[in-house]
């Protein structure tokens with residue numbers, strides 16, 4: 001009896017200090033979740049803008065093909081529930097999922113109250129269902145978003161509270177490991193591939209010209225001297241091979257240095273190419289490198305905080321903790337200077353400088369061989385998971401030591417139920433980490449995991465896009481830029497006219513050759529980059545595209561530049577392969593950004609009666625517009641009111657280009673946040689007077 005009372009008194013004495021610790025606002029968690037909602041919003045809206053032309057019944061690759069005839073894994077999608085709400089498998093069901101996901105994401109962006117566990121489960125499930133039907137238009141950004149979104153499920157709080165989640169530290173570490181894997185994989189494969197352009201440090205300049213969807217910023221950057229491009233390539237190697245190791249540094253100053261280094265890198269990537277939400281997603285994951293007391297995080301939290309009293313109290317604790325952390329991290333500035341000096345000296349030793357005899361420009365040449373590089377990479381690839389595993393175990397032990405003792409049966413039951421959830425979350429977290437070692441080890445053939453148990457388990461998680469492999473892009477730089485141009489005509493011997501594109505280079509005219517998509521991700525235009533670098537037989541999606549153009553299907557025509565499409569269905573469609581090259585400053589003054597030269601036919605001329613085209617479509621289980629009409633499409637679509645509402649929303653939104661739609665939504669979110677802040681300030685001023 002006395003022991004129980006003593007234990008109760010001890011718990012009572014320790015509770016104020018514990019409550020003060022957990023009462024601290026988890027600013028990094030809140031900022032990360034709000035930012036993830038913004039990224040989800042970009043992804044859902046971009047998908048919605050192209051869904052009807054890509055996956056509708058009149059689109060290039062109808063979702064109904066996969067949902068009806070795909071494998072069990074491919075058919076795993078929320079779209080299977082569409083008939084229960086009176087919708088078929090057409091674009092209306094896809095629109096409904098996109099709008100639901102975008103609504104949840106927008107609410108989470110403007111209000112922390114909606115950044116809850118259920119919200120992130122909904123967003124992940126909806127986006128997973130959409131990626132399931134993406135087929136040939138699925139991209140690396142989708143994989144990264146789904147993997148990051150799944151980890152955010154472990155991070156998001158269950159209830160509306162600012163208190164710290166017990167799994168917060170482990171989830172943030174896994175997100176940090178994810179952004180490390182992505183950046184390190186992007187850098188390691190460049191030199192490992194043996195590409196001559198990457199070894200000569202000319203790969204980045206060639207990349208400006210051959211990237212999937214370049215912008216005018218990339219053209220201007222391309223005009224800079226070769227010495228600048230070679231220095232920039234070294235900067236990219238440092239960014240992807242050296243700086244990611246600083247993500248795990250114990251010093252807050254060092255991690256902040258790594259954040260700003262990569263912010264500069266990805267702002268340039270956003271300016272150079274239309275990659276949609278990929279770089280904003282990476283920038284969001286970099287938030288995991290910051291602390292709750294970081295000035296930037298505190299500044300953002302102060303403007304998003306709901307309760308001004310809690311904000312002032314948190315600021316007071318932050319000031320006290322900042323003084324303690326600054327004294328503990330007083331050597332952080334010196335470490336940053338030492339690291340910067342080591343990177344400069346290391347770069348000088350690894351890439352010897354010289355002067356070109358031809359043009360007198362500064363040149364750099366690697367002083368190491370490919371075998372030496374691969375040996376170093378083997379060590380780095382094996383060391384990274386070991387480092388993260390040690391940090392995970394440290395966080396797990398800290399989690400165990402933070403559990404409260406119990407003094408009654410009721411408290412014990414509540415603690416058991418709480419620990420059961422923690423146990424499940426911890427098992428999931430460690431499982432995801434161990435499975436992520438498999439794709440990370442595949443960066444080099446010599447380090448690949450050969451265990452059949454590990455590879456099978458990874459295959460299961462990868463089928464859900466929970467763990468993915470990155471770094472397979474930019475392994476070997478293209479020596480020239482090839483572009484596929486769609487052409488139509490009514491006479492085989494007559495004049496051929498070109499279909500226009502919204503984002504893809506297709507003309508030499510300056511005004512329409514380098515469009516900027518901002519945060520919008522144009523999947524249709526992006527896919528032509530993959531097609532131009534491969535054989536025509538590998539791009540089976542072009543056959544349905546040609547058929548839709550011959551049928552003059554409006555949803556597909558909406559994916560193109562409306563100013564350069566025929567008024568009526570053409571008799572013939574062909575695809576030509578062109579070589580594109582940047583112009584110089586002098587040539588651009590008189591013309592545009594590009595020069596182009598026709599190389600050959602990519603596909604032969606097709607017509608509606610073409611037997612080869614019909615055979616290819618039959619092999620893909622693809623139905624033409626005439627076949628859909630004869631079979632009576634839209635089965636299961638009995639909810640005419642919901643269909644009318646979805647069609648009305650699409651007609652209204654369809655008049656707005658995707659990039660402008662996203663800008664408008666973010667401006668609206670900013671206005672809502674500003675209005676909330678002004679109302680809070682007004683209530684604080686009125687409160688004391690009343």
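Cβ coordinates are placed from backbone N, Cα and C, and glycine is handled just like the others.
Keep in mind that this is a model prediction, so the values were computed, not measured.
If you look up TrEMBL, you'll see 139-293 marked as domain 'Lipase maturation factor 1/2 N-terminal'. Taken from TrEMBL, the feature domain 'Lipase maturation factor 1/2 C-terminal' covers 466-603. What TrEMBL records for 1-20 is region 'Disordered'. For 31-48, 93-110, 117-137, 143-161, 173-199, 227-248, 335-355, 420-441, 652-674, the entry in TrEMBL reads transmembrane segment.
Of the two recorded stretches, the transmembrane segment (31-48) lies close to the transmembrane segment (143-161), with three or more CB pairs under 8 Å once pairs fewer than 6 apart in sequence are set aside. Remote same-chain partners of the transmembrane segment (420-441), defined as residues 6 or more beyond its termini with a Cβ less than 8 Å from a stretch Cβ, comprise 150-151, 154, 166-167, 170-171, 174, 177-178, 181, 185, 381-382, 384-385, 388-389, 392, 396, 399, 447-449, 454-455, 457-458, 461-462, 466-470. The transmembrane segment (227-248) shares the most Cβ pairs under 8 Å with 335-355, out of the stretches 117-137, 143-161, 335-355. Proximity of distant same-chain residues to the transmembrane segment (117-137), defined by a Cβ-Cβ separation under 8 Å and at least 6 residues beyond the stretch ends, is recorded for 33, 36-37, 40, 43-44, 47, 54-55, 61, 63, 66-67, 74-79, 94, 97-98, 100-101, 104-105, 107-108, 145-146, 149-150, 152-153, 156-158, 464-465, 523-524, 526-527, 539-541. When Cβ-Cβ distances below 8 Å are used as the criterion, the transmembrane segment (335-355) is approached by residues 201, 234, 238, 242, 246, 249, 251, 253-254, 257, 361-368 of the same chain, each at least six residues removed from its ends.
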